[in-house]
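Okay, so here's the structure we're looking at.
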Amino acid sequence: MECSPCEGLYFFEFVSCSALVVTGVLLLMFSLNLHTRIPQINWNLTDLVNTGLSTFFFFIASVVLAALNHKTGAEIAAVIFGFLAMAVYAVNTYLAIKKWRMNSRQQNSRQTSDYIRARTESREVDHRPEIQRLDGKELSSYLQDLLQFHSWCT
């Protein structure tokens, strides 16, 4: 009844409740090591997207609520805590970016080292007797054996 244009307040409540639920689920999954059971998901990128979107939406919701509030103590406190939550999510976004970059560099270096190792292993001489080259003497003895076998077969 007191709140005639309540859209800013409703949007702020939606953003804060959504961020609480999503971040709480991710926190629970990371705390209980449940994320290791689903290796198909890039969890570093998931955390980065969550914190980045939460930072953005807390900023928008706090600005909207600051512009459309009724100067009540609760709304002013919500705006202050909204900007504080945005700052905390921004720091977490920065840390998630650093972690994501570090992991992507490690994966690239691992792939490069695997490629280099495979190339060097393929260049190494294989010492299996069926692949060895024949010398001149061995070749002549091989050909003689082959001719004898051929004459025996015919």
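Using the three backbone atoms N, Cα and C, a Cβ is placed for every residue, glycine included.
Quick caveat, the model's predicted, so the values are computed rather than measured.
Positions annotated as domain 'MARVEL' by TrEMBL: 1-101. Among the features that TrEMBL reports, transmembrane segment is placed at 12-36, 48-70, 76-97.
For the transmembrane segment (48-70), same-chain residues at least 6 beyond its ends with a Cβ under 8 Å from one of its own Cβ atoms are 2-3, 5, 7-9, 11-12, 14-16, 18-19, 22-23, 26, 76, 78-79, 82-83, 85-86, 89-90, 92-93, 96-97, 99-100.
For the transmembrane segment (12-36), the residues of the chain that approach it from at least six positions outside its boundaries are 43, 46-47, 50, 54, 57-58, 60-62, 64-65, 78, 82, 85, 89, judged by C-beta separation under 8 angstroms.
Sorting each residue of the domain 'MARVEL' (1-101) by its DSSP state yields 84 helix, 0 strand, 17 coil. Note on the domain 'MARVEL' (1-101): its mean pLDDT in the predicted model is 90.
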